[in-house]
Structure formats: C-alpha cells, structure tokens
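Participant: I'd like to ask you about the structure that follows.
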Amino acid sequence: MYNVFIADQTILRILFETKIRQYGDLVENIVITAYVVYSMWKISYDLSGSTEHIQQIMEIDAEIEKLGEKIDYSKSATLSLFVLISHFVVCFIRVFVVCISMGNRKASLHYSKLFQITFSDSLSFTVTNYFCTYLYALRDRYKRINQVLKGLGTRSDKDLFVRNKNLINVYRMEDRNVCKKINACGKVYSMLFKASETANDKFGFALLLTMFVWLILTILYLYYFMEATAAGLFHDVQRYINFLLYVSWQIIFAVAIISSAIYFCENIVKEAKLTSYLVHTIISDTWDMSVKEEALRLSIQIVHQTPKFTARGLFIVEYELLLEGARSVLTFLVILLQFVTQKN
C-alpha cells in the first residue's frame, strides 16, 4: 500500500484518463486502506479470537437436541469447505480479470497495486462470508424450531366426545408433552433472539463499513463508465472492452457483497415470522386450554423478540436498503458529473 501511495500506481488511468485524474484513485486508496486495516484487526482478533457467538450456537444446539432434533455438523463442515474454495476462486478471478483488462499493457502493471486490490477484495469477502455463515447457522436453528412446532399433533372437536377414560388420560399426557415442547421452543427462540443481537454487536460496524466502502467504489466506477462512454472510448473497441471488464467486476462484486448480506438477513426474519404462523395454527386447531395458553405465551414472546439486523443501529438491513442504495448512487453520480463539467 505504501508503494501504491508513493508511486501513484493505478490500473484504471492506464486504460482511460479520467477527468478527476488522480483524485479518484486517492479516494479509493484511502478508503481501501482504512477498510483493510480495520478488517485485519476484526477478523484476526474480534472474530477469530472470540468464542462468545459460537458458544451461544452450541448452547442453542444443546436445547434443540432435548427436543429430539439431531444436529448434523457434517453439513457445516461441507459449507466451510465450499466457502474456502469459493474464496480462492474469487481471488483467482480477480487477478485474471485485471490481467486480461491490462492486455498488452502488462509492462505497466504494478504488482503492489495488484496485491492491494486483491487483498482488499479478499478481506471484504471474508468479513461478509463470516457474517453470512453465522446467519446461516441461526436460520437453520429457527428451522429446527419450526419443524418441532409442525410436528405437534392437534385433535379435532370430535375427540371431545371420547368416553374412554384410558384414552382421555393418554390425551391429557399428550397435552402436557405438547405444552412442554412449546415451552422449550420458547426458550430456544429467546436464545436465538439473543444470538441475533450478538450478531448485531459483532458484525454491525463491520457491515456498515463494508457497505459504505463498496457503495463509494460503485459510485466511482459507474462514473468512470459513464465518462469513458461519453468520451467515445468505444471507438477503440479492444480498449473499451478491457475497460468494461475491469469496471464491471468492481461493480458486480460490490453489488454481490451488499446483496448477500441483505439476503441472509431477510431469510432469518422470514423464518422467524413463520414461527408465529405455526404458533397461531396450534392455537386455532387445538381445544385444550393449557396448550392454548402456552402457545399464546409463545406468540406474545415472538412479538417482542422478532430478530432485526442493523448496521450498528443506523439502518435496518433489508431489501429496501437496495432501493435506498440505488438512490444514493444516482444522487452522487449527478453531483459528481456536475462537478467535473464546470468550466472552472
């Protein structure tokens, strides 16, 4: 990074001389440097060096196994292997895209610049993957609760007319077991809500910084694309294709990072809301008052403990954020275009 700053190393300005000259690279370098320094500390010490959030998952699993749901950790191992392989693939594609974009200008390619952009992409990918993998684990535990609630049998009104005392006793025993399971589901749901709040504390600022950095880069590179197209770079077809390849990767990667985090957050909230639907199904389908009361208590608990993921409390991470991000990009693009087109 020191070499990149001192020698004013750049890739994009080799492909196209932008009107904002070195200032675009300066903004990009400062933002990436700050993000890399923070991410190196975050991944190494605050995430890998802390076991609080993982311990919560283990405690939740212990309670879920009491409900008769067996946790298969081999699936997590397969997921971890997939994440590792995908990490290498992303880094390889990034280097490949840069080399292809440079074309016959490889003599001007600075390896320190190549390392900087690859390393920053790698750290961003790691932070996002860590966050999404943790959310994936939480969503799987929400699914376990929903499976237990789906498996709770209910009786129809015709069973009210049963006169067999032995059968009535069996039904009462079943009702007590159902109440115990609903109560246990409420306990696990409460633990999952606490784990969701831990996710906000652990990943909130990292998520905020990641989205902020990639939003800035998206604005910059969309501006580069619009400026190069308006300047007629497409008349040099090969150079324009190389330029588009480099810019497109930056924008696509940025959108993928932000969209992935939003997608996993929304999936957990969706699964948690399904729990509420299943609880109200139990309330409407059963006639035993003890079961109704226990299900009603769980319903009230769900109202107060629906998970909500935020970027350090500044905004909720949901699909609406994509729309707000698009508006911000368009607004700053207009401002940037007006700034560079002033005569003075």
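Each residue, glycine too, has its Cβ placed from N, Cα and C.
Okay, these came from TrEMBL:
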TRANSMEM  79-103  transmembrane segment
TRANSMEM  115-137  transmembrane segment
TRANSMEM  203-223  transmembrane segment
TRANSMEM  243-265  transmembrane segment
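Locate each feature and note its surroundings.
Facilitator: Long-range contacts of the transmembrane segment (115-137) within the same chain, counting only residues at least 6 positions beyond its ends with a Cβ under 8 Å from a Cβ of the stretch, are 1, 4, 11, 29, 32, 35-36, 39-40, 42-43, 47, 53, 57, 76, 79-80, 83, 86-87, 90-91, 94-95, 98, 199, 202-203, 206-207, 210, 213-214, 253, 257, 260-261, 264-265, 267-268, 309.
Panel annotation: around the transmembrane segment (203-223), residues 20, 24, 27-28, 31-32, 35, 38-39, 42, 124, 127-128, 130-131, 134, 247, 250-251, 253-255, 257-258, 261, 310-314, 317, 325, 328-329, 332-333, 336-337 of the same chain, lying at least six beyond its termini, place a Cβ under 8 Å from a Cβ of the stretch.
For the transmembrane segment (243-265), the list of distant contacts is 11-12, 15-16, 90, 93-94, 97-98, 100-101, 121, 124-125, 128, 131-132, 135-136, 139, 207, 210-211, 214-215, 217-218, 221-222, 224-225, 228, 233, 309, 317-319, 321-322, 325: same-chain residues at least six beyond its ends, Cβ to Cβ under 8 Å.
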